[in-house]
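Here the structure is laid out as structure tokens; the discussion comes afterwards.
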Amino acid sequence: MVQLDVEKTIEELTLGEKVALTAGIDFWHTAAVPRLNIPSLRMSDGPNGVRGTRFFNGVPAACFPCATALGATWDTKLLYEVGRLMGEESIAKGAHVVLGPTINTQRSPLGGRGFESFAEDGVLSGILAGHYCKGLQETGVAATLKHFVCNDQEHERLAVDSIVTMRAMREIYLLPFQLAMRICKTACVMTAYNKVNGTHVSENKQIITDILRKEWGWDGLVMSDWFGTYSTCDAINAGLDLEMPGPTRWRGTALAHAVSSNKAFEFVMDERVRNILNLHNFVEPLGIPENAPEKALNRPEDQALLRRAAAESVVLIKNQDNILPLKKEKPILVIGPNAKTAAYCGGGSASLDAYYTVTPFEGVAAQSQGEVTFSQGVYSYKELPLLGPLLKTDDGKKGFKFRVYNEPPSEPNRQLIDELHLESSSGFLMDYKHPKIKTFTFYVDMEGYFTPEEDGIYDFGVTVVGTGKLFVDDELVVDNSKNQRQGTAMFGNATVEEKGSKELKAGQTYKVVLQFGTAPTSDLDMRGVVIFGPGGFRFGAARRVSQEELISKAAELASQTSQVVIFAGLTSEWETEGYDRDHMDLPPGSDEMISRVLDANPDTVVVIQSGTPVTMPWAHKAKALLQAWFGGNECGNGIADVLYGNVNPAAKLPLSFPVRLQDNPSYLNFRSERGRVLYGEDIYVGYRYYEKVDLAPLFPFGHGLSYTTFSRSDLSLATTPEKPQLEDGEPITVTVSVTNTGSVAGAEIVQLWVAPPPTGVNRPVRELKGFTKVFLQPGETKKVEIVVEKKLATSWWDEQREKWASEKGTYEVLVTGTGDEVLKSSFEVEKTRYWLGL
């Protein structure tokens, strides 16, 4: 790669070459123009790790804690480090652009991708995203803020019209993008799938050009979300530089014709191409060649960072009687469906093949010096657990053979064209290629051998984008090849899981074969704009058991053990791109199991893993409760570090946890109704709503405990004289002394809130405006400083003037942290002023 003379290159490009540059050539790469030294660039997801170019059988990658976990750290320095490692992982995968971070707003606990965004509050989300992007882009890799804007649900996400007031859009949904860009002007922005107030964002000139480019002065590249382009002229004229993925659906000859007929002017094309070429120059110093090989890093220092991030994200919600930290020398009983499951990431674009994973059970067992006992408690899978890791090949290797043919099994003389060895029995074949396969229609036989450890009836399940028949010792057990039903897996393209059962004997080996036909062999009506090539498969199995039997056994064991910890929650099956949750509840049986174990042993520690809030009807019984999120590669070690006191928890909730779903402000206005969703709660998202109506959530935004105690004192506040025009340069500086009054070293998160004066418009009771994190030894005192611009601390969006309004009056400053102590001060705004810009 070489630095391009952008203006000269634009002059030398033909119209056809310009058109080609504005669309991808495949799922991850942009077009090249070799004669002008314009190479193809590679992009890669994304939200919590750099997957590379392959969903199927790809190169493993580092998996970071999910965004809500990182949001819980409230730690800008950590987010910067995470961003740098993300950049280094991207370079290892030969990718010039990372498709992240996601900074949408969790207006509902049910959003399928809620775990991908940092927080319900724009200040927390935007500041963390800015430091993450700063770290990432300092490696030379381009960051992509997404999904711009109001992409806050999965239901009908390609078509839904988000009806939102401009005030709410500015104060809630655009704010994290605005604040992130004040810290780091990212190289890229990705548009949302949805419409906003009647127009798809990818062709919404007001959002892309008027606000993003003109008002905020941003000059990077705007790309569509994958298959999120819906027009030729409207999108190009609105400011959408790049349609992804390729091959193009809307550009190509259609765009060339539009330019020749002045539906889109060539000078507009030049603007689009200019932004694409500027991106080339931004990433050129990386020196990543076209089609670079993908490598794994997995360095010890990276593992240490991932472990620290996992531990620092764990929120200590309750700790009555100082049950925590646990004693390493004492025996411990580990219970629950998440104990031996590595719930390390959510589903969809966030999913990847991690270098390794550590389950909570493994993390606890590695640190305990006493006996570690396990009880299942309950099973919480949505689909049957993957069978692949339990299989052996005919030559004794873990996993199964994956044999590819161009002809179906009914063809007696078909020729084997490819054979792979796989361990995961879930595969998305969108990027599988072989030179002898010319179409999306081909067939795969997957064969392995299963030796059960227990007698019993075993249930087998098959989910496909395509067709599938599962045989056990040549007996057809599951037929998912006809009368198929649409399900939610694999971005909503797959069937529901079809099941069958067979009685098996312990110690006996059975041959298991899945005969799979790719997507074109399915009889489902697969209408929709997103088509993922050959499709995919998933097959699982489990011994049929009684949940009541499991719960009773767990409760009995808990009554006999002094140290007990439950690991429960959700997994990537329950929280994933492609669909929203129907409710906030834990999987069936989990609440009953937790409640009965707590009755048997009230000192039981409960650890919940989920990316977004869940109901906890047993919370009043729990003396010790932690929220542990999806913690990445090192989730099990990170949780164990907190349980045993190696790490003193400091995390705070980045989301409000309502008592019940009906309490959340979007309850009446979530999901699409006849093609639209009304953002009826307006600016009252999350804590803004609960505080305004004086409704206590189960656990509030910003809550989190520590193994030590802190005090805050000596609050001082300094402002600068007001200028005629409100702009940057009028900082409010808040200084406070923080003391560790306990006996354990730990970190405190100091939160700065501002409460507005009474005005003629409804405003929240208070809003978060800044925060900082400080580490203190026992007895140590440090002064911390939080600086926020007056315009950001005081303003609301005036829809009549179409400007931010900073109204005169007395503004109260509140400083909070761990515990109930609140320090207060105030400052004056002498004159009402209005402003626009970043």
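Any Cβ shown, glycine's included, is placed from N, Cα and C.
Here the structure is a predicted model, which means the values were calculated and not measured.
Non-local neighbourhood of Asp225 (active site): Lys146, His147, Asn151, Met190, Thr191, Ala192, Tyr193, Ser202, Met244, each in the same chain, at least six residues away, with C-beta under 8 Å from its C-beta. Summarising the annotation, Swiss-Prot assigns active site to Asp225 and lists similarity to another entry as the type of evidence.
What Swiss-Prot lists as domain 'PA14' is 395-555, and the listing cites sequence analysis.
Annotation source Swiss-Prot lists N-linked glycosylation site at Asn197 (among others). Around Asn197 (N-linked glycosylation site), taking its Cβ as the centre, 16 other Cβ atoms fall within 10 Å, counting all chains.
In the three-state DSSP scheme, Asn493 (N-linked glycosylation site) is classed as coil. Around Asn493 (N-linked glycosylation site), a 10 Å sphere centred on its CB holds 25 further CB atoms from the protein chains shown. The N-linked glycosylation site annotation in Swiss-Prot covers Asn493 (among others) and rests on sequence analysis.
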* Structure fact -> Cα-Cα, Asn493 (N-linked glycosylation site) versus Asn197 (N-linked glycosylation site), nearest Å, comes out at 28
* Kindly assign Asn197 (N-linked glycosylation site) to one of the three DSSP-derived states: helix, strand or coil. => coil
* For the domain 'PA14' (395-555), provide the mean pLDDT of the predicted model. => 94
